[in-house]
Each structure stands twice: as structure tokens, then as C-alpha cells.
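Since the structure comes first, as C-alpha cells, the remarks are kept for the end.
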Amino acid sequence: MATKSCELVLCFFVFFVISFSAISVSAQTCDNTTGTFIPNSPYDKNRRLILSTLASNVTAQEGYFIGSIGIAPDQVFATGMCAPGSERDVCSLCIRSTSESLLQSCLDQADAFFWSGEETLCLVRYANRPFSGLLVMDPLGAIFNTGELNTNQTVFDIEWNNLTSSMIAGITSSSSGGNNSSKYYSDDIALVPDFKNISALMQCTPDVSSEDCNTCLRQNVVDYDNCCRGHQGGVMSRPNCFFRWEVYPFSGAIDQINLPKSPPPSVTSPSPIANITKNDSRISGGKIAAIVVVTVVTIILVVLGFVISNRRKQKQEMDLPTESVQFDLKTIESATSNFSERNKLGKGGFGEVYKGMLMNGTEIAVKRLSKTSGQGEVEFKNEVVVVAKLQHINLVRLLGFSLQGEEKLLVYEFVSNKSLDYFLFDPTKRNQLDWTMRRNIIGGITRGILYLHQDSRLKIIHRDLKASNILLDADMNPKIADFGMARIFGVDQTVANTGRVVGTFGYMSPEYVTHGQFSMKSDVYSFGVLILEIISGKKNSSFYQMDGLVNNLVTYVWKLWENKSLHELLDPFINQDFTSEEVIRYIHIGLLCVQENPADRPTMSTIHQMLTNSSITLPVPLPPGFFFRNGPGSNPGQSNSKSFACSVDEATITDVNPR
């Protein structure tokens, strides 16, 4: 009896080893037809950056991630995917090793992909052009097992054709919803009489349509049949689809396949693998490795621990977009010297900003959300959602984010010259801003807002335009920053209302403060205030004496308009390289932007035309909103002409301080 028990245990162990023995197939496909890049160029740095963060993004996004980084022509698009059901750590390891293999194999190709499988199947792809939703059939990666079938080919073909056809039909007719790795995935097994089991796996990237997935997989099967019929297995891979079959179970599929009742196959070593080159692509391939056999108890414990950990993590995670890049917290801590004081750039309403440097030499600015700010989580999520979809030279570029434990971090490009208010309102630094520079700054801000309102994929209202949210690069070009308050509008939407007024006093439009109503014209009002501040070098929140009365900047400029003395507004630090007509025209446009009625304010498109075409006749402005006038004995914080009652969230009202 004891002998039989031992035999049963031994048989189970042998079957367990056979079932989990696997072959690892790898083929880096570097496309030589879509261009090359210079090593260590901006494109190469962006490529390395997005691939270095791909593993954390894939594991955070249900096993599938697609996104981009940089601005054309150095923009890099990338995607990563693991087979459904892959353990988080296994998936992460596969993506990391696959990315590293691509970096080592494709030294200067601007487009490459790699389906790799050891403990699981995973895909990594990058390109210099958008590819989401596009079916790409070239190049083809092909590998076949050199071992011969040595069976009745006719009988085998019937089973093989039935298996592949049913798998394709099943994938494309009953795909799961959403963009995740299980959308187009199938693995199955078939028994060939008097032969071994056929194990097969098929997968498409979830961004393509079911029709495109069908086309891609069918072509993979046809290509295998044309090149490799009669062999004991093989792989056909394209950028959007993958097909593999073997005469033994293999990684990426073994956990999902239900083995039919049949005699266990004989234990034989897999035959060598051959590589095929097609469509001017370079394929390196073929490595064989055995998966370490672990006990059933260990597997149960690992799976149980993973499920518990994953459930806890899901409760903490926020629904963030797949366009953005997720950084590991340790990477950010290392880049900022663990958020040291000497790296601190400034402090805002919801946290602090630090300068950092990544391992590849890229300088970054890290916005660290305050752990005590309950409202800040909403703004954090909002900023990632909004900025991830934007690409413009006059908008600060979001490189990614980190969301681990209590830490919520936004990673931006580093803009070297701080913010506009750092220069504009400093009595010694503002003399660096001559008229040409101020005019260029106004023009850049105009183009940035116009992109948000009209030219981007989304219609976005910033809601917090102010001098401290305009960053200046090394050439003093403006970049609009801080999208925590921004809102996305529908295509036909023009106005929205909120019960929670956020922003900065002095820049907020009257209808927003009094009624919570905001629109593109709210941003226009803020932009008008910015124009007046840039030309005068004065803060709108300060108070100015005129005719024995106390005025804010907008009211002060309006009185200058009425007295036909707008030239008095000009900052005395501006040099003589300007014409009074041009400066007065800019002030005139600023007054048009701050008119009380939103309908009277021009759109950003019209403003851009007014600024760039001096032949356009400007309409006469009407009195501004928040027309502010106090007697010398009055409290400057109270208006004699109008009073406003509103509920304003104090945590969202920010001071105008350098960042």
C-alpha cells in the first residue's frame, strides 16, 4: 500500500513537472522602415524614460497601458501588456526585461516591438508616431520549432485547423469590454489521435477593433502554415497580435488551459527554434528556459496573498488615465534627494514643488501633494486627467505621476526661470523684462489658452490663470501651469456652474465669484488681468490712489482710459524699444477682456487676431467687472458700488507667490 502511495505521489509529481515545463520564446523586432534616431538624442532619452516606467504603468492599469511622452519630433509612443491573470510581480518583471532587451537590441530604430514569454507572455512596443487603434501588419516576427511532427499530417491538420479557427472566432465574437489585456485573448488545447496535445495561445492588443484582430490573427495562422507547416510548433507575432502553438504546455497559457483527459506525453526536450526574417526587420531570437517547479501549497499561498493585497490596493487607487506615465516612488525620492529642502522650488495651495534629476539626466519638477489636504486628492486626479491629454509648447509638460501609499506626486518638465511673477513684481528683476519680451510672453499665453479652448482634443477651461501659474523657460517663453482647477467641456458645452468656487481673487470673473458660473470667457477675464499686470508691472490685488480714491488695478486702468492717459500705466522699467500706439492697443485689448458681461468679452481666437493684426479696429470697451472705488477713509476690502455674496472654499483660494 505504501509503495502504491509513493507511486501515486511520484506520478503526480512527474505530471506536475511535465505540465509546467515550458519554453521561453523571445524575438525583438526592430523596424528598419520607419526611421532611425541618434543615440542619446532627445528622442532616445524620451524612449528610455517611458520604457523605464512602463512596468509600473502596466501593472497599475489592468495589465495594459498605452501612452506617450515628449513633444514632436521627439515624442515617443509606447504600450505594454501582459497576459490576463498574470501575477503583478511576474508581469512587472516581464515588462522590465522585455523593455531592456529592446533597448539593447534596437539601438537606433525609432519603431520596435517585442512579444516575450518566460513566466508569462508580455508585449512592449514603442514608436515615433501614434498607433492607438491602428492595425499594423508589418513587420512580422516569425519563429518555428525545428522538430518534425512525425505523425499523420492530414489528421493533424484537421485538428490544428479546427483549433485555430475556433479560437479566432471565439476571440473576435465574444471579446470582453474595455481596454484591458483580456479583451482579445484565448488559449486552448486539442488532442490529436495517436499524438501529443496541441497547446495554442492567441492575443491582440485591446486598442484595435474585433475585425482588425480577426484579420491579424488569421494572417498569422496563414503565415505559419506557409512557412513552417510540419514542424512541432512556432510563433507568429506582429505589433498588434500574437499566435503561438506547441506540442507541450507553455508559459502565458498553462494557467488558463484545461487539459483534456489523455495519457501524459512523454518527457522530451523541446526541439531547437529557428528564426525567420521578413519585411526588412531584424529579429533576434530563441532562448529556452525551464520554469522553476513550486509546490501546490506555495502556489495557493502566493495567489491568496496576491488577491488580498490586490483588493486592499484597489480600494486606495484612483481611476487615472492610461495616457500618463507612472513613476516609482523610489525613483522620485532619489531624483529629489528624498525631497530635501535645498531642492524645494516653492509652495502652492495644495503642496510643495521640488527640483529633481532622473538617472538619465532629465531635470524634473515634482509637485508633492500635501498629505493633510483632503481636497487635494481631487485636484491631483484632475490635473493628471487634464494635462495628460495636452501637448503644446506654451503648456508645461506632464511627464507622469506617482501614487503610492499616502504620496501623490506630479512629475513635470523642469522650467528653469521660475514663474512670471518672480520677475514681474520684483523691483529689481522686472527690469529684465523689456517690451519685446513682455509682448512675446503675452503672445505665448494667448496661444496656450487658445489651444486649451479650441485646438486641443478637449475643450478645457483653466480657471486659475495668474502670473504665478505662468512659468518661463530658459528663453523666457511662457508655459501655462497648474491644471488642478481645470475643467473639461463637452464639444457643444459653453457654460458650467459649480457650488464650489475655486481660484485666486483678483483674477476670477464676476459671474464666477457671484454665481459659480464659468466658461471660456472666465479665462478671458483672467487673461485680461494678466495683460494689464504685464504692461504695468503692478499686481491687481494691490490698491492704487487716484483722484483721492482707492482703486484696484482694473479700476485704475479704467480711470486712465476715461482720462485718456493710458500711457501712465506703462511700467517705467520698460525700455524705449516700443511704440505708444502698440502699448495702448494691448491695454485696450486687456480692457475688452475684463468687461463685466461675459458676452461682451472677445474669444481667445479674436484676441489672437487683434494682437497679431494691427489693422483690426477694436471696439470701445465697457466698464469692467468688479468696478472698484473707495474713498480715502474706507476699508479697501469693501466696495461702495457693488457687493458680492458667495461661498468660497478658503482652501482653494491661493496667494500670488512665486513657485
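Quick reminder: no glycine exception, Cβ is built from N, Cα and C everywhere.
Pulled from Swiss-Prot:
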{"type": "CARBOHYD", "residues": "N32", "note": "N-linked glycosylation site"}
{"type": "CARBOHYD", "residues": "N57", "note": "N-linked glycosylation site"}
{"type": "DOMAIN", "residues": "137-250", "note": "domain 'Gnk2-homologous 2'"}
{"type": "CARBOHYD", "residues": "N152", "note": "N-linked glycosylation site"}
{"type": "CARBOHYD", "residues": "N162", "note": "N-linked glycosylation site"}
{"type": "CARBOHYD", "residues": "N179", "note": "N-linked glycosylation site"}
{"type": "CARBOHYD", "residues": "N180", "note": "N-linked glycosylation site"}
{"type": "CARBOHYD", "residues": "N197", "note": "N-linked glycosylation site"}
{"type": "CARBOHYD", "residues": "N275", "note": "N-linked glycosylation site"}
{"type": "CARBOHYD", "residues": "N279", "note": "N-linked glycosylation site"}
{"type": "BINDING", "residues": "L345, G346, K347, G348, G349, F350, G351, E352, V353, K367", "note": "ATP binding site"}
{"type": "ACT_SITE", "residues": "D464", "note": "active site, proton acceptor"}
The residue listed as 'active site, proton acceptor' and L345 (ATP binding site), Cα-Cα, nearest whole angstrom: 20
Candidate recorded positions N32, N57, N152, K347, G351, pick with smallest Cα gap to N197 (N-linked glycosylation site): N152
Neighbouring C-beta atoms (10 Å sphere around the C-beta of G351 (ATP binding site)): 22
Distance [Cα-Cα, Å, rounded] between G351 (ATP binding site) and N152 (N-linked glycosylation site): 71
Spatial separation of V353 (ATP binding site) from N32 (N-linked glycosylation site) - C-alpha basis, Å: 42
Summary of DSSP states over the domain 'Gnk2-homologous 2' (137-250), given as helix, strand and coil counts: 40 helix, 34 strand, 40 coil
Spatially closest candidate among N152, K347, V353, D464, the listed recorded positions, to N57 (N-linked glycosylation site) (Cα to Cα): V353
Those glycosylation sites listed as N32, N57, N152, N197, and which of them has the most Cβ atoms within 10 Å of its own Cβ: N57
Other C-beta atoms that fall within 10 angstroms of the C-beta of K347 (ATP binding site): 14
K347 (ATP binding site) and N152 (N-linked glycosylation site), distance between Cα atoms, whole Å: 75
Assigned conformation of N57 (N-linked glycosylation site) - DSSP reduced to three states: helix
Local Cβ density at V353 (ATP binding site) - other Cβ atoms counted within 10 Å: 19
PLDDT averaged over every residue in the domain 'Gnk2-homologous 2' (137-250): 81
Rounded inter-Cα distance in Å - the residue listed as 'active site, proton acceptor', V353 (ATP binding site): 18
